[in-house]
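Quick look at what TrEMBL lists:
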- 85: active site, cysteine sulfenic acid (-SOH) intermediate (ACT_SITE)
- 33-174: domain 'Thioredoxin' (DOMAIN)
């Protein structure tokens, strides 16, 4: 199992855990990491309809374009349309968007190992697309590069993103919060990271 230093509600620990739903690994990314360098040649897919994807020739967005010269809050979650993600994780980010903007945050981003079309439909269902930027990591390459993946085969989800949040300034991770279990929203929620900016 991989181990790495991770912030958990302000404390730094080194730990690896076997969760009931599968094996979980702690991220190799940590405070001070250049997220663009940690995931070289990786791009994300902005949430969009199929027709928009076709019109853009299925374009992707580089991490440099997402993070360069910007203050970004990014949070990852196991999947679109899942219960905790839909009911507890995304809504507080949407509800607090004005507080993020008041702290100088350029964008609040939600990312999951899903295709951009599913992310788009989900964002529209949550009525959050005007506040939050949604991106798909369709093959998991972003999360795998950062070692922010967990095996949720026990819940019929397969390889998925950890539940996490980060404050990133010009590509450098200033704060990283990773949940102990994918069903938790204890350290990766909007209120926690607002207090860390």
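Using the three backbone atoms N, Cα and C, a Cβ is placed for every residue, glycine included.
Listed in sequence order, the residues of the same chain lying 6 or more apart from residue 85 (active site, cysteine sulfenic acid (-SOH) intermediate) and placing their CB within less than 8 Å of its CB are 77, 78, 79, 112, 163. Across the residues of the domain 'Thioredoxin' (33-174), the predicted structure has a mean pLDDT of 89.
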